[in-house]
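What follows is a set of notes on a single structure, which appears directly below.
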Amino acid sequence: MSENSIRLTQYSHGAGCGCKISPKVLETILHSEQAKFVDPNLLVGNETRDDAAVYDLGNGTSVISTTDFFMPIVDNPFDFGRIAATNAISDIFAMGGKPIMAIAILGWPINKLSPEIAREVTEGGRYACRQAGIALAGGHSIDAPEPIFGLAVTGIVPTERVKKNSTAQAGCKLFLTKPLGIGVLTTAEKKSLLKPEHQGLATEVMCRMNIAGASFANIEGVKAMTDVTGFGLLGHLSEMCQGAGVQARVDYDAIPKLPGVEEYIKLGAVPGGTERNFASYGHLMGEMPREVRDLLCDPQTSGGLLLAVMPEAENEVKTTAAEFGIELTAIGELVPARGGRAMVEIR
């Protein structure tokens with residue numbers, strides 16, 4: 001079977017970050033008395049479902065550690081590897097850090113797909129690592145029923161510049177660095193609904209490196225940061241609000257969207273992860289039309305950064321975004337928490 005004739009997405013039951021275990025089920029899996037062990041040097045663990053773990057070395061520098069892997073979200077092997085690696089490295093940038101090394105995680109159905117195709121996947125991952133300025137230093141592989149690829153990434157960050165998802169403040173403005181709709185467009189492609197003019201759009205967005213995160217972290221007024229991935233904008237914004245004890249007001253019309261996304265939602269191109277996300281986070285949002293809900297719960301793979309920014313830092317953040325060629329979009333604000341109101345209010 002040639003590399004050009006395969007459709008990798010046919011070999012997996014899920015796609016990209018949409019194959020994540022639902023937040024509700026994950027809560028059950030992670031619940032453990034042993035998890036309450038506290039290391040005073042562990043600045044960020046899994047308490048707030050942040051993007052990565054952070055360990056203070058005690059010398060002004062902290063180590064960031066993360067891993068992320070998934071099944072194919074696109075058919076092209078090289079692009080699959082590149083997207084998976086970009087997505088994994090993003091967690092380091094979302095914490096305000098600089099990646100220094102990565103190792104690969106590969107599961108491959110040896111009896112179904114050739115090793116040459118796996119090599120192309122790995123080369124895509126290596127390409128993304130080079131873009132981030134790091135080496136793909138090794139890895140581990142297993143014979144698996146479905147193709148899986150990703151990275152474990154190590155990074156460093158000045159301890160005082162660590163950006164968490166739980167330190168936002170009322171009064172912060174909310175900004176996104178990438179449009180939503182990745183899950184919808186990739187599902188539309190899988191269902192042969194994607195229009196020719198929309199081919200490749202999701203792949204291009206997923207391959208954009210969130211490298212600006214380290215520069216955003218140097219701005220004092222950036223109070224919190226996370227990347228929007230498998231739990232959708234609603235899930236990751238809800239976690240930001242819960243961690244900080246605030247509520248969000250979001251302007252739906254202001255949210256950047258990939259072309260055609262609302263049309264594809266109406267055609268039923270909604271990934272399975274959308275329903276799982278709504279089941280976990282839907283109770284935190286107010287009433288809204290089904291198509292709005294489906295976009296906010298759309299699982300993003302290698303999505304953009306979500307920033308909570310104090311008003312006085314807005315211009316500096318915009319200037320920094322422009323330096324990286326980012327179309328930064330203001331989508332709402334954070335307000336003091338009040339009982340009886342939805343945690344995420346869509347206007």
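A Cβ is built for glycine as well, from the same backbone N, Cα and C atoms used for every other residue.
Swiss-Prot annotates Asp91, Asp227 as Mg(2+)-binding residues; of Asp39, Asp50, Asp51, Asp143, the candidate listed for that same site is Asp51. Rounded to a whole number, the distance between the Cα atoms of Asp68 (ATP binding site) and Asp51 (Mg(2+) binding site) is 10 Å. Separating the Cα atoms of Asp91 (Mg(2+) binding site) and Asp68 (ATP binding site) is a whole-number distance of 9 Å. Taking the mean position of the Cβ atoms of Asp51, Asp91, Asp227 as the Mg(2+) site, the remaining same-chain residues with a Cβ inside 8 Å of that point are Asp50, Ala52, Thr66, Ser90, Ile92, Phe93, Ala94, Met95, Thr226, Thr229. Rounded to a whole value, the Cα-Cα separation of Gly139 (ATP binding site) and Asp227 (Mg(2+) binding site) is 24 Å.
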